[in-house]
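Features of the protein shown, as given by TrEMBL:
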ACT_SITE  Glu471  active site, proton acceptor
BINDING   Thr182, Gly221  FAD binding site
DOMAIN    178-294  domain 'Acyl-CoA oxidase/dehydrogenase middle'
DOMAIN    330-485  domain 'Acyl-CoA oxidase C-alpha1'
DOMAIN    531-674  domain 'Acyl-CoA oxidase C-terminal'
Amino acid sequence: MKPNQTVEDEPQQSVTTMKRRIQMLSLHLTPLSPLQPSPQLNMLTCAKASKLEVDNVSLSSYMRGKNREIQEKIFEFFNSRPDLQTPIEISMNEHRELCIRQLMGLVGEAKIKPFRYVVEDPAMYFAISEAVGSVDISFGIKFGVQYSLWGGSVLNLGTKKHRDKYFDGIDNLDYLGCFAMTELHHGSNVQGLQTVATFDPITDEFIIDTPNDGAIKWWIGNAAVHGKFATVFAKLILPTHDSKGVSDMGVHAFIVPIRDLKTHQTLPGIEIHDCGHKIGLNGVDNGALRFRSVRIPRDNLLNRFGDVSRDGKYTSSLPTINKRFAATLGELVGGRVGLANSSVGVLKISVTIAVRYSLLRQQFGPPRQPEVSILDYQSQQHKLMPMLASTYAFHFTTQFLVEKYSEMKKTHDEQLVGDVHSLSAGLKSYVTSYTAKSLSTCREACGGHGYAAVNRFGTLRNDHDIFQTFEGDNTVLLQQVAGDLLKQYKDKFQGGTLSVTWNYLRESMNTYLSQPNPVTARWESADHLRDPKFQLDAFRYRTSRLLQSVAARLRKHSKTLGSFGAWNRCLNHLLTLAESHIESVILAKFIEAVQNCPDASSQAALKLVCDLYALDRIWKDIGTYCNVDYVAPNKAKAIHKLTEYLCFQVRNIAGELIDAFDLPPYVTRAPIAMQSEAYAQYTQLAGFQ
Ligand SMILES: Cc1cc2nc3c(=O)[nH]c(=O)nc-3n(C[C@H](O)[C@H](O)[C@H](O)COP(=O)(O)OP(=O)(O)OC[C@H]3O[C@@H](n4cnc5c(N)ncnc54)[C@H](O)[C@@H]3O)c2cc1C
């Protein structure tokens, strides 16, 4: 009984409450009579009545990155060149040839030369890469292999002599190249690579060898058909001076010419085979490479982190194999930043097609009234609106990642290096997994027409799927994030400082780990639930709890299982921790983006979307929150109701939110995304006049 309630009021209240409950129940149990308006539609009308007005121009200008102009130039160029557009049906060989022509067209005809941006202006480079991937994902990956992997390894792992010798050839595509790290037996475990590069002091050369079939370089992009060079990762072997033995200096990178520059013939000692037809990305020629005593000059060692002198002495500013290995791999994080960024690009395209079509498509409706748009169904909103909200959330967070990466490239600040490494691993993993799942959801949300190849979900899904695996398998990358969190946690206890993205854990040691407050656990007003402080606290509380509990479990299990066994025993827990942390970072960045938005109407729209992102995530994990008494049952119910309401609200501005991505029709392309002309396009394509 409430404090101001009288005893006489009570039975009256109970009767009213009971009546209301019976009414609610009967709504669920009674089949809708043809004359009755559906309760869902009543809710819709309500939601529509309070529709936000969105100033599309300002929202879209807030969303535009500062490098939008170059993206538009790329879209215009390819839009004007039907001969460079990828048809729906294309054979593997034709697709490979088309991809190389697309690349040549970009550089030679559109005069866009991205190579210098790899180091000088990464934000510009990633913007170009995202736009190129919107033309064709195979083209985007081929572009990435040339400039980010092959070119990036030369710039980031080599020194001035390499830059001077190779820059122009890579830039103008005379030196098409590959990045040969993975072997048949080893992908994720790069330290397990077996290819060897043995120094020969007599000839001043390295001899590259594939010691067994397991060491054949596998999956190497650009190798099967087009590549002239490869950056080959191999164990550096030096003869020792004192005895007949040799010493293994760990994995290093070497430039190995694989085809003749003029004749394009495969060079002696090198065997190249085709990895064949793949599930997707068939415009990229992945190949396998075997080396038999291939000699390369000593200068071809990419020697930024370790060098060999003429007399065979090894020098490095880094003291151990592990440190050199970490530094080498650390220079390659640009690829992950690019993949996270491009994956958001794919998600935007997919959500745009699905939402546009869902607004247009009508099925069923109240009796004797027009049919309703399928986006008016609660289930359709449930599939697509949180996805739209996540797309916005990822957009702002990957922008932040790109900024941090660019800053790191300029300053080489050590703390930033660690921060970007972990953030890029976490975001690449989280975003690409999310996009991969969403592509299937979008296809299904568009019904039969979603299955037509022309509407693109199949190609997008197949081409994007491998984003989850290359540049670091997602499950492996998440473990790096978890490992980093645990290290920071331990350092903190030992008096160290936390890096910027992890700052919130400082508080977690105090506030977040205290028992949940039983009073706030019951607060259920919309104002409270939509307060960014509540939302962020909830995300961070979950991360902090997971961190503390997994640390305790690891300590306990390592006594009996050793560290490897204990890690494996807690693996799922560790992965949940990493995802939870990444979600905390994503929400923090989204909230910041909402707060920084200068236009009031755009800010209101973004706030709505951000609230949906936050509450939907909390709702998805509501069991955890309830189990630890962070959220009481009444609050859980309020979160659910509010999430559904926000879905309705976001649905009402879904068209505007999609338009703010500003994707030209050339990029979306799917006829079902063509707004009002969708069906006309469709029938024309099928051959109807
Ligand atoms: C189309 C394509 C293009 C590619 N291009 C290139 C290229 O140009 N250059 C290049 O060098 N490589 C390239 N690769 C290789 C790619 O980088 C590797 O496939 C990737 O690193 C994963 O390694 P793997 O295939 O050995 O997978 P594995 O490491 O064998 O993984 C298989 C499964 O085991 C799981 N697993 C592995 N280790 C662990 C662990 N510690 N804990 C829990 N689970 C684990 C993974 O999660 C995964 O589900 C390409 C691959 C493909 C398919």
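Indices start at 1 and increase along the chain as displayed.
Every residue gets a Cβ built from N, Cα and C, even glycine.
Worth saying up front: this structure is predicted, and the values here are computed from it rather than measured.
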Which of Thr182, Gly221, Glu471 has the fewest nearby Cβ atoms, counting only those within 10 Å, among these recorded positions?
Thr182
Rounded Cα distance in angstrom between the residue listed as 'active site, proton acceptor' and Thr182 (FAD binding site) is 10
By DSSP assignment, list the helix, strand and coil residue numbers for the domain 'Acyl-CoA oxidase/dehydrogenase middle' (178-294), in that order.
6 helix, 56 strand, 55 coil
Counts of helix, strand and coil residues, the domain 'Acyl-CoA oxidase C-terminal' (531-674), according to DSSP:
124 helix, 0 strand, 20 coil
For the domain 'Acyl-CoA oxidase C-alpha1' (330-485), what's the mean pLDDT in this predicted model?
96
Could you tell me which three-state DSSP class Glu471 (active site, proton acceptor) falls into?
coil
